[in-house]
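A short write-up of the structure that comes next.
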Amino acid sequence: MNLQYSPVFKCPPEMVTHCQWIYWFTHFELLAMIIEIPSFLLVIYATIKSPFHYNLNFIGLFMLLGYYVFLVGRFITCLYEIGSLTVKDEDAENEIYPMPLILSSILQFFYMGCACGISLAVAFERFFATYFVETYEKKKRKWISLFLCSEFTVACGVSAIVMLYDLLPFAVMAFLGVFISCASFLFYLVLFYMNKRRLHTIQQDRDNDVYTLSVRFQLSENLKVMTLLRNVVLFSGVNNFVMAIILTMYMSKSFKVSYPLATLYLHFAFNCCVLLYSFLMLIIIIFSVKQYRMYYFSIRFVRVVLYPLVGRCFQNEFSQSPVQQLTIRDETESYFVNLSSQWDEKFQKINRLSI
């Protein structure tokens, strides 16, 4: 049985100094997880208030809740690692572990599947947004997010069981995770350039009798969202690649026997990567695209929380008064009025020339 568990309160004499250092860091990790609970509530609030499509928001909230699942599992594991909760020596030798420790490992493995699949989930959501481009903003089509999240939950649950009971080598599972990240990134790029090329074709006044204003608007929105998701997918893929290498090494039984000290530090590095992954993903989501950055800064609660942290870096954005928030219908009508005025000017010029 493979557990995400590496006790540091009781180590061999030659590793006591190293274990003691990691022992105190684990206490810091517990504190960081307590701080992350309210900080990610801020992210959930911003996601609910975001101007994205219902399905994209739903998938984002699903992934955020998946991180809370990881926090629960990791918190319980940390208590076992520092000795607040203990495993009997004879039980550890016979690989008989308490149920809370087993469940906490399952929760952590489940989140690893979520981290690998987030890019694929948003890529498929953008696929449906591209396929139903004419009516995607008008109809929520909740079945898309429910279908993706349901399939995603089953896949992550199965992968967690496979990794826990070592049904497949960790190297195979790590390769599969990296492959999914790379494949979703390529799939995403194809969708991005499909939307970009189609919008460019429309803007060049080709097939004007086929395309409507709603198609123009939706393609423009798709490209804005994809600019943000491009950074998310790229960062997720790179992070998954690094974490896959670390996980494969320190979960290898032969590596544990040959390099116990390196295994201890790799386990420590993996946990650091998970913490950094969540914080950096938050930064990327909020600060990647100026339009969305301005939107998040217009939320009063977000401005109060983030100004002490990033106010100097984005003084121009924070110095502006919060923008008036429009509904999707208002934004759509404003966009259509602008396009209609441009078309009217063009047709007036054509009529003048014909006269």
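We number each residue from 1, going along the chain as drawn.
Here the Cβ of each residue, glycine as well, is placed from N, Cα and C on the backbone.
Note that the structure is a prediction, hence the values are computed from the model and not measured.
As annotated by Swiss-Prot, transmembrane segment applies to 28-48 (among others), with the evidence given as sequence analysis.
According to Swiss-Prot, the transmembrane segment annotation covers 56-76 (among others). With a threshold of 8 Å between CB atoms, the same-chain residues lying at least 6 positions outside the transmembrane segment (56-76) that come near it are 4, 29-30, 33, 36-37, 40, 43-44, 47-48, 50, 85, 100-101, 103-108, 110-111, 114, 118, 121-122, 125, 142, 145-146, 148-149, 152, 156, 225, 271, 274, 278.
The transmembrane segment annotation in Swiss-Prot covers 102-122 (among others), and the record cites sequence analysis as its basis.
For the transmembrane segment (144-164), same-chain residues at least 6 beyond its ends with a Cβ under 8 Å from one of its own Cβ atoms are 1-3, 54-55, 58-59, 62, 66, 102, 105-107, 109-114, 117, 121, 124-125, 128, 170, 173. According to Swiss-Prot, the transmembrane segment annotation covers 144-164 (among others).
Marked as transmembrane segment by Swiss-Prot on the basis of sequence analysis: 172-192 (among others).
Sequence-distant contacts of the transmembrane segment (232-252), counting only residues of its own chain at least 6 positions beyond either end whose CB sits under 8 Å from a CB of the stretch, comprise 2, 112, 115-116, 118-119, 122-123, 170-171, 174-175, 177-178, 181-182, 184-185, 188, 262-263, 266-267, 269-270, 273-274, 277, 280-281, 284-285, 288. Summarising the annotation, Swiss-Prot assigns transmembrane segment to 232-252 (among others) and lists sequence analysis as the type of evidence.
Marked as transmembrane segment by Swiss-Prot on the basis of sequence analysis: 268-288 (among others).
Distant neighbours of the transmembrane segment (172-192): 112-113, 116-117, 119-120, 122-123, 126-127, 130, 159, 162-163, 223, 226, 229-230, 233-234, 236-237, 240-241, 244-245, 247-248; these residues of the same chain sit at least 6 beyond its ends, with a Cβ under 8 Å from one of its Cβ atoms.
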